[in-house]
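K.L.:
Structure in structure tokens, see below.
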Amino acid sequence: MEAVSMDKPFMYFDEIDNELEYDPKTSEEKPKKLPYQGQLKLLLCELFFLSKLQRHGILDGCTIVYVGSAPGTHIKYLRDHFLSMGLVIRWILIDGRQHDTILNGLRDVTLITKFVDESYIRVLKKQLYQSKIVLISDVRSKRGGNEPSTFDLLSNYALQNIMVSILKPAASSLKWRCPFPDQWVKDFYIPHGNEMLQPFAPKYSAEIVNNIYSGNPIKL
């Protein structure tokens, strides 16, 4: 793949002004990866999102609920960065998998080893009553194969919609990927937000981060 030079990289989906025909074979390509590329991608996306909240006075004093956070190596560096700026943030990291030990013993970080469902979200809402919640979701179930199936994706999106509806966060950053054309099952709803492109994404990627900078009732 040839590099493309531009004055400013595309940041959002609606900035893309061209298109390619879908070719199922492109998903079989194995692009070269940097060491820890996945964690670096998350670091860049979440630093952008949280910095914007900080500039608008939303971040200080908030509770960040991060669902699907493991291993979360990059979160330690996000936490240290905003702590050095004097911001008071409580982090609640939730995943059924184990987190990186680098996150152990941090007084402002709570690690919860659990897969999330609607009933747990309702319990969490009661525990965080009157807290200013910022929601980050990187839920990604996979029932076999190298990539999540369309049914996995739809289940994840339904759960994310439930999280936003119940927690009523001041802002949200939600992961989602549009099913490929030959894997489409049915139409679905996602919250209306700013559809940000992800760093290092291959040309066939249909994955974005949906950033919502408002606590107003969601629009699907």
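Glycine residues also receive a Cβ, built from the backbone N, Cα and C atoms like all the rest.
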K.L.:
Just to be sure I read the record right: Arg177, Cys178, Pro179, Phe180, Asp182, Ser205, Ala206, Glu207 are listed as binding mRNA in Swiss-Prot. Which of Tyr12, Tyr22 is listed for the same site?
P.N.:
Tyr22
K.L.:
Of the candidates Asp14, Asp17, Asp23, Asp138, which does Swiss-Prot annotate as part of the S-adenosyl-L-methionine site that also includes Gln39, Tyr66, Gly68, Gly72, Asp95, Arg97, Val116?
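P.N.:
S-adenosyl-L-methionine site check in Swiss-Prot: besides Gln39, Tyr66, Gly68, Gly72, Asp95, Arg97, Val116, the record includes Asp138 out of Asp14, Asp17, Asp23, Asp138.
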K.L.:
When DSSP is mapped onto helix/strand/coil, what comes out for Gln39 (S-adenosyl-L-methionine binding site)?
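P.N.:
It is helical.
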K.L.:
Which binding-site residues from the set Asp95, Arg97, Ser205, Glu207 come within 10 angstroms of Lys175 (active site, for methyltransferase activity), judged by C-alpha positions?
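P.N.:
Within 10 Å of Lys175 (active site, for methyltransferase activity): Glu207.
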K.L.:
Largest pairwise Cα distance, Å, within the listed S-adenosyl-L-methionine binders Gln39, Tyr66, Gly68, Gly72, Asp95, Arg97, Val116, Asp138?
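P.N.:
Answer in Å: the longest Cα-Cα distance is 22.
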